[in-house]
Amino acid sequence: MTTINLKGYLKNRSGIMHLLVVLFGISAWIGVNGIFVQLPILVHYSPEGSALPTYIVIVIQMANVGPIIYMLLQQMQFKINEFLFILGILTIGNISMALLIFFYNKTVVISNSEYSLALFVLTFFTALVGCFSSVLFMPYLRNFNETYMISYFIGEGLSGVLPSLVALIQNIGGNKNYVTNSTITSKEIIPDLRFTPLYYFLFIFLVLLLSLIAFIILQYSSFKDIKKNYEENKNSQDKIQVTHHNINDKSISASNNLCLENDQTDKHYLSNDKRKKARCLKADYKMSFYKKLYLLILMSLLCFFGNGFLPSIQSYSSLPYGNITYQLSVTLAQFANPIACFITFWIISSNLNIIHALSTIIFILCSYVTYIALMSPFVPLKESKMGVIIILISWTILIGFISYVKLVIISIFRQIQKENILFYVGIIMQAGSTFHVKMCDEEASLEQNEDDQSDKEQSISLLHLPIEIFLHVCSFLDAETLMHNLSLVCKQFYQILNDNSFWKMRISQIFPNTGYPILPPAEDDELFWKLSCVAIEKQTSLWKNENSMEKLSLTNVQYSTIDGLLLMHDGKICISGARDRSLVCWSLPIEESDHVQRTCIDFAHNGWIWDLTAIDNMVYSCSWDQNVKAWTLTPTGLVHFKTYKMIVTGALLCIASCPDLALFATGSFCKTVLVFDSRSGYSPIARYQPHQRAVIRLAMSSNYILSASEDKTVSIWDQRAGKIMKTVTISKESFPMSMSMQKDLVYVGDSNAKLHVLDLKREFEPIKCYDTEHKKGITGVHFTPGCVITSSMDKTVRISSPTDPPQNLTTLTCGYGEIASIDYLNDVLAVSGTEGIEIWRPRART
């Protein structure tokens, strides 16, 4: 074990020179590492999808043609100016990264297929910098003092850390699952980004530019030192050759004394020239040919795993545990590299037993992550946090150990002062990395032969359909067909379509750059994503396609504003109550051209009819006459059943019901809310006064009654506790006019055309507020898993997506003046205004 005195190292060396070397070292792999770290984002912009990492690895390996050509030039004894060669390579890297800023998401069509050709080409030229670093950058540093090699490795380690830090700042959003492996591939929701890849690659370009400037300064500011060190290295090499001759021909005892001297120098950091030369002599003679061969083979294998094989399977082993797991595995793996570099500051072990032990751990972990990749997406512990923890630890330790062992081997060979030794080590490193490409070709050929043989033995069935083609077929089918039909064909289809990421991906394609749902669903709701996708696709198809809906007009019966509107029987029946005191039951025709049947009850109340609700087949109407009347819906129309007389002095302005409990509630102008049990008598079971002004809107569930008032508040009544739970002020500038409550969400429309969202789980805390683009107050709001519908006094109805933020699907204009009320049931929308009703419904109804 060799321990380095870090304090002395920093004290005796020029900080500026070390900083320049660090910046020079950063340029080695920051381009390649930057692209790899950004892959979890780039897969969403690329037509290659989750297969993009494999394409990128192959392109990077192709860049090894550069070092091969350079090696041939060296062997042919061409005179190459190292400075100009490195300057040219760094310039190419800078130009490539600058172009990548603008072309990372550009695609071209080749043979009717899209490819990220610009990304591949620019990645190739960016990778040239990294590929040349082993055979050009490290040998260039032979002319520097030995301590600068450590600074170079620090910089090379930081080339992974810097992109990782920027990636963490860029996106560490919610967990979004992938399904991907060699047989299952699907994209997933594009994560929410704090900034786009454009700014990310701009940062990488600026760092590369700093590295280029640092290299130029490094060259010219230290030219004399380089020349001096080069002459010393040359003289040292001559002395080594003379000593080698003397030992072989004359003196064995001198060799023994030399070994004894070097054994003592191994106990401390060798800072003076004599100890360095002594240690180098020992390294040259004590390292046998087989040890060198073993270390070179091990280095080649480590480069193969670290630079070729492992990055290409990282997405397959990490994505089944979620997008965050993939992001963290890539990022933590990049952090592991510089940590290994820092460890070498204090401890560098040349003990073969320790190298054996670390190599064994590397191969065990490599086998584990490879097994996970092969099992993807049906990986062990997929739904457990333990599975996430294990895969993250495995990747971090694996990459960290690979980096550490590589640095140890390089440090061993660095001690051998033999001409071009680092150049040949670099060749071995690049050879190990390049082997990945050959292996991929062999596997592809082998798989093709196996497929040909299989074709001869048996016919292809539906189960042999490649997953990419299967998913492509699915993109042409609606979600309802996939859920209710295709998933039942076979177990394989069911497993693919049972994964939530498949449905999340479809939703993200409909509403890109939005969040859905606004609140996370319950963990035990296994059908949430399927049902949501079905609802969203259906509503989007209905409202975005102009020819999918037909409009009916219901007029010439009621001659004033129609405030009460109610759809029943799956949208086949419409009930309307107007200020002319009439109550009409409309039977909607099957065909648009058929006659509309209706029955009208004139003077159903002694005052304006303000609102309607229903429990099963019973309709309840509230009126200015301070009464609630119950009407039975029959085949021939509405029949009066009973009248609930209120003990209030003001008009009844709103009514709502909870069919599950057979309860209904009504709100009055005199600030009072009364709750009734439809199964009992005429007296209210609860009465409370939650507001300081009139109650104008109610929403009701089995647990809560929400009331909105002109006093700018929404009051929550807890039916279980029998008391007011909370009062929420929606806005200081406007008052709530409409409400819709579904499960854990409440939508509230106000008089300033704002749409507010309350979270039931947070005790109805307002969490969102959206501008609906209506010009006047929102008179009606209806929320479903597939859309949000709002109506306004500006005579328009807007159908929007149930996302954060909402995206407008279509805008409808009412032909009957200011909209008083809306209702939505079974894809049928009813809108009422002055003296008329408009009905929008799907053209083809079964």
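Including glycine, each Cβ sits where the backbone N, Cα and C put it.
Feature transmembrane segment, per TrEMBL, maps to range 421-439 of the set 421-439, 459-477. Secondary structure by DSSP for the repeat 'WD' (688-727): 0 helix, 24 strand, 16 coil. In this chain, the transmembrane segment (293-313) touches the transmembrane segment (55-73); three or more CB pairs sit within less than 8 A of each other, excluding pairs fewer than 6 residues apart. Counting residues of the domain 'F-box' (459-506) by DSSP class, helix then strand then coil, yields 34 helix, 0 strand, 14 coil. In the predicted model, the repeat 'WD' (688-727) shows an average pLDDT of 94.
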